Amino acid sequence: MARLPGHPEVPGAEPGSAVRGGRGGRGARARHVIINVGGCRVRLAWAALARCPLARLERLRACRGHDELLRVCDDYDVSRDEFFFDRSPCAFRAIVALLRAGKLRLLRGPCALAFRDELAYWGIDEARLERCCLRRLRRREEEAAEARATPPARGPQTSPGRALGSGRLERGRRRLRDVVENPHSGLAGKLFAYVSVAFVAVTAVGLCLSTMPDVRAEEERGECSTKCRNLFVLETVCVAWFSFEFLLRSLQAESKCAFLRTPLAIIDILAILPFYVSLLAGLAAGPTGSKMLERAGLVLRLLRALRVLYVMRLARHSLGLRSLGLTVRRCAREFGLLLLFLCVAMALFAPLVHLAERELGAHRDFSSVPASYWWAVISMTTVGYGDMVPRSLPGQVVALSSILSGILLMAFPVTSIFHTFSRSYSELKEQQQRAASPEPVLREDSTRDDSTRSASATEDSSQDPETAGAAGSLPGPVGP
């Protein structure tokens, strides 16, 4: 790097005289400064900085020596009298607009968080942003904080240290992970996903058929017809496949405890376990244990009703369902606000309609305030079953107010929930596309190959004068 020309520090000298020395008129250099930010050269007047001071440039003006100057900027060109800053030129254009027009706006190009860091670097308060731009920055900060708080989704990729494993067990686990977790990895992954979805559909059909009146009548009489036996065989085959799939997913997981704590693994356990519990209970009771089965019949039926959770397994293969689950996790605060709004409105309109109908109108539909809570919830959600209808004029006025307030209260958090769903869907779709794109396999000898190729390329370029001349003509940073 070119050094500054020597300027002895004179007591009482003007601040920045060591920086503004050199060829040319001293008065012109005292009035202007040339700033180069990432290739964007701007000539600024010190008077503009006085109107809207930048902390870093003010420190630059007060510099008196070379070492002090390098603590403020990244480089200094003596021939051009130019100060170089290795920062974002896009963000600096917005700062130049602030100096010239007095308005600071958030540009569409750079990231809002990166722009905030640039403002902190140049010493500009975020409050100088225009109101609309400041709202955009705050919203982006909330999204970033929310993304940091949300645990990352487990994908099919492994850590780099695991990916470099050369053992046969690690390679087999990697292939198994691609098959069961990444349907886009190949033909085996697609077939596994299709078979899993098909078994979920068959289980849903079998669950519907098992609730038919004739099948229920046979179960209550203790009989087992051909239809009942076929449904049992169908359920057994499906549960066997789901158990096999659960075993494969647990084998490919790096941490078994972390895998068992995932929501989909908990759903699998709750859906599979009732079948084995009822089967073991039937085998333990034997042919003479009918009374014990009768006492445990209600519990077993409730456990077998958990088979409906098999439908939630579709979330493994549906991008929309996974986006919905991520949205529910991220919008817990919005759902809490919605519940709070409904509870407050319900506590307000239920006593009013009870007073209007029971006390003033003498109608018996609204027998108590707790019974009126049901009517308030149904009315505010615009469902309207019609089982409880206000018939007096005051009651109808209360009903109209309840319906209108319900429409407004439901609409408040919906916009935020919709935007969160759109963002979650875009993130998961991008993650799925990255997982589907082929990645190069890392090998142990890749480092040696790269170093060999780099050495050969260096030798070739040193022997070829044209290549060396072209390389020497490339611009580079100013060095000391």
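Our numbering is plain: 1 for the first residue shown, then up by one each step along the chain.
Every residue, even glycine, has its Cβ placed from backbone N, Cα and C.
Pulled from Swiss-Prot:
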COMPBIAS  441-452  compositional bias 'Basic and acidic residues'
INTRAMEM  370-381  intramembrane segment
INTRAMEM  382-389  intramembrane segment
REGION    1-25  region 'Disordered'
REGION    144-167  region 'Disordered'
REGION    429-480  region 'Disordered'
MOTIF     382-387  motif 'Selectivity filter'
TOPO_DOM  1-187  topological domain 'Cytoplasmic'
TOPO_DOM  210-230  topological domain 'Extracellular'
TOPO_DOM  253-263  topological domain 'Cytoplasmic'
TOPO_DOM  285-296  topological domain 'Extracellular'
TOPO_DOM  318-332  topological domain 'Cytoplasmic'
TOPO_DOM  355-369  topological domain 'Extracellular'
TOPO_DOM  390-396  topological domain 'Extracellular'
TOPO_DOM  426-480  topological domain 'Cytoplasmic'
Looking only at the topological domain 'Extracellular' (390-396), what is the mean pLDDT?
-> 88
Per DSSP, how many helix, strand and coil residues does the motif 'Selectivity filter' (382-387) have?
-> 0 helix, 0 strand, 6 coil
What residues in the same chain, six or more past the boundaries of the topological domain 'Cytoplasmic' (318-332), come closer than 8 Å to it by Cβ-Cβ distance?
-> 146, 150, 153, 263, 413, 416-417, 420-421, 424-425, 427-429, 432
